[in-house]
Amino acid sequence: MSANAKHQNTQANSISPALSHLDSNGDINMVDVSGKTATTREAHASGQVRFPSDIYTQIKAADGMTKKGSITQTAHIAGIMAAKRTHELIPLCHPLPLDKIGLTFHYDDSMQAITVTATVKVTHKTGVEMEALTAVSVACLTIYDMTKAISHDIVIDDIHLINKTGGKSDYQFPSN
């Protein structure tokens, strides 16, 4: 074994307790949830799509209607579809029978942005953080896709987990 390989293996072993996808040899594996108890788990995530001032005003005045159709209705469907397919996009995610996927869209005048929030719920052995984050990410990408003909000066920003409940530990994003 080369010195570099030994160094990489030592690094992996030193962090493996913190990273549940690494085994004692530092190899990547899907987490074994077979011994866990199914509990109700819920996660909320959000992100935003920021626009230049004139474009934001135009989109809001049209209530999100474009030549392609409703921005938020299309993004809503895309977010739901994405949450349901998260395990196909993120290699080590478990396929889950999701009980709820909800998305909301809010015009934020102070940020000149559309804020997207997703709620995902399941009764299972593993959490739904990735499903909530994927729903928000794809909804934001869909908004970008539907508005890029108007401007490319659009920024997808601040995608993050707001909170999660159920399972071994709960989480709340720190407030400012």
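Backbone N, Cα and C atoms are what each Cβ position is placed from, and that goes for glycine too.
TrEMBL: automatically predicted annotations, no manual curation.
TrEMBL tags one of the stretches 1-23, 24-46 as region 'Disordered', and that stretch is 1-23. The substrate site is defined by Leu92, Cys93, His94, Met130, Glu131, and by the 8 Å test on Cβ atoms against their centroid, the other residues of the chain that qualify are Thr86, His87, Ile90, Leu96, Thr126. If you measure from the Cα atom of Glu131 (substrate binding site) to that of Asp145 (active site), you get 21 Å. Among the binding-site residues Leu92, Cys93, Met130, the residue whose Cβ has the fewest other Cβ atoms within 10 Å is Leu92. For the domain 'Molybdopterin cofactor biosynthesis C (MoaC)' (30-167), the model's average pLDDT works out to 96.
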